[in-house]
Amino acid sequence: MSAAAVSCQSSTCPNGHPPSRLECPTCHKLGIQGSFFCGQECFKANCRINVVFGPSTVVLMLLLDGTFNPFGAHRFTGTVRPVYPLSPKREVPAHITRPDYAEDGIPTSESRKAGQPPRVLSPEEQEKMRTVCRLSREVLDIAASHIRPGITTDEIDAIVHNATIERNAYPSPLNYRGFPKSVCTSVNEVICHGIPDKRKLQEGDIVNIAADVSLYYDGYHGDLNETYPVGRVDDDVKKVMRTAHQCLHEAIKLCKPGALFRDLGKTIEPIARANGCAVVRTYCGHGINDLFHGAPNVPHYAKNRAVGTMKPGMTFTIEPMINLGHNWDLDHWPDDWTAVTVDGKPSAQFEETLLITETGVEILTAGKRRDDLYS
Amino acid sequence: MLAEEDDVPSLIETDATATAPEVKTGIAAGSTVPLTIICGFLGAGKSTLVKRILTERHGYRIAVIMNEFGDTADIEAKTINVSSADDPTAQSEEFLELANGCLCCSIKDSGAAAIERLMQRKGAFDHILLETTGLADPGPIASMFWQNEEFAMGLGRDIHLDGVVCVVDAVFGRKQMEEDHAADGIGESLRQIAGSDVILLNKVDIPPPEEVEVTEGMIRGVNPAASIFRTVRGQIDLKLILGIDAYAAKPFAKLSEPETGSHTCDDQHCGHNHERGLTHYEMRGITSLQIDCPTLTASQLSRLDEWIRTILWENHLPEDESNPNILEILRCKGVFVVGDGKLYILQGVRNMYEIAEVEGAVDSATGVPDAGKLVLIGKGLDEHVRRSLQVLLE
């Protein structure tokens, strides 16, 4: 497997980030991967101040604009890099009800319910789920409307955070197991759980906004995500996006009382394969209600041992992560959150929260049809 | 050392292929590391067995994972302390590299992800042995590892569940089985026996032989699917407990028949049924049920799958929703012959199960069974259950 070259890393590249074989000699010597530029001008414009910290041999390179990659020595699998520092922790007004993990990051209520079967919600509880899912969808759509080359994922996080608290809701990812931000933004080869930072979106990127824009409102969570193109994207990028979308919606068609959670993967995986893509195995869909993540576990790959039969009143997500190419495997950045494809190829994801009704399924987070996903 | 703007060096041309990371394209069959869970009450001889594994020159490279080191202080070893990356002051892992090539680690988080990360750092092992604390029920732990083997955890070594081994004390085992208490009425030692694939009845040199017979009979009654070996001082050929493939989709050896009639009933109030097929050992609610199955049609197999998932997931028989939670299946195994000549294996622990087609050539040692068989181990396995299944299989 060999990359022909790496695209120009300059955020101000006037040439559209062409692939280049020209590398910073200092980075090369220090074993820092990926410092490629299309020419000396781009290199100088982003020139580094090398700062070597004491005995622990951490090499931190500050760009002139004050941003840096905190994991300089890490073997990144693609071209996306973290752009630190992260913005300060965002505040949530005191009047907004917080989930149990807002303070210490530990979802105690989830551990307490571990091992129990999926909850069947009463009609009142189902109505609360409808509300929070509708709000989640609103927030996602607002965030999505701001996608354009040049906006940073941190700015998207601010939009999500503010739209959420305006609705008197809590952004579910914030401090969940220590996650530092209010939304996950996953660009290109990032499969999921990308941390919003100062990286500017570039034309040709795809970005998944997981409004896992989950809102903790009235005691319940909503969870959805979509992958969006930034400007014009390549055909294979379009393909992986459409495939992920198709996988999700074909799986939703199977959902009704009596259907088995373990059967969803049997429909998803063939669609991925037929499109030259692979289904991520490490992360699964999940039950969602007063818990952010609970039973059932919903794998997206075929031949799984998932436990459970769908019953009216159950609420859960389906959220297939689809990688371009045949590698379903993944790697994690040293931030212990960002999951990336092992070969640097792009990954796309779509997610909805579903309610099983007496006769079928209701998509609680449903939004408008995305024309760009259909030919 | 700050670089002035004038000092910006010239870009060099690099062969970008040199920086492309090595890509693992998936796990080749058979290359995942087997993991065995070892349980047993304090004093049964589990620690003795573990110590033997860590000191003898058996040729295996085994990583033994314990909650804490306990009495391994006298083992000749090189200690390596590894602190957690997040909190350098907290020791989340500690390693002992043993003289015989084995590794002993204690970790606070014995979850699958933590163990996989550990294995990533320490390199190649033939086997992982996870020692549980004395009263622990191996069922949920086994179910977690059996589920996790489906996932690929990044680029780390992958683990698959090989089996559960239980060490039972031949001196006190019977008493423990009869007397131990737990919140829901199933004693911890019974749960351990029910959830195991190999049982080492240890210290058999101490009690009188008849006593050992009775204890072994009680164990068999609870779990006819497990292999039972009598041991002294934890001495057992390691290949009988490691590499046993207890969760594989492979036909398994003949199961032991339940004891019938040959015992004497001491209890005057013995009101149980001595009919063939019912075990005598209704020890505090745990029984085992074995049923022979004829060759099945494809549609019968499908109904059998529905029957299994109803009792495992809903805790009641399909036809009887009125009494939930009487049934609790701890372990199930089965082999089924389907009309088209195919062989299917049922494996299940707690509420997780799988009926998988047997792939490839059948091992000639065990051969193709003439008939299918199903074993259930758990609570509430009365005649209703047997009859319900028999109706289905007709």
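The backbone N, Cα and C atoms fix where each Cβ goes, glycine too.
The model shown is predicted, which means the values in this text are computed figures rather than measured ones.
Same-site candidate for Zn(2+) 4 binding, as annotated by TrEMBL with A:ASP223, A:HIS286, A:GLU351, chosen from A:GLU203, A:GLU250, A:GLU269, A:GLU319: A:GLU319. Taking the Cβ of A:HIS293 (protein binding site) as reference, residues of its chain lying under 8 Å away and at least six apart in sequence are, in sequence order, A:PRO107, A:GLU110, A:HIS286, A:GLY287. Each residue contributes its Cα atom, and for A:HIS193 (protein binding site) and A:GLU351 (Zn(2+) 3 binding site) those atoms are 13 Å apart.
The two recorded residues, A:GLU319 (Zn(2+) 4 binding site) and A:GLU351 (Zn(2+) 3 binding site), have Cα atoms 4 Å apart. A simple way to gauge crowding: the CB of A:HIS286 (Zn(2+) 4 binding site) has 19 other CB atoms within 10 angstroms, across all the protein chains here. Secondary structure counts, DSSP: the region 'Disordered' (A:99-127) has 14 helix, 0 strand, 15 coil.
Secondary structure from DSSP puts A:HIS286 (Zn(2+) 4 binding site) in a beta strand.
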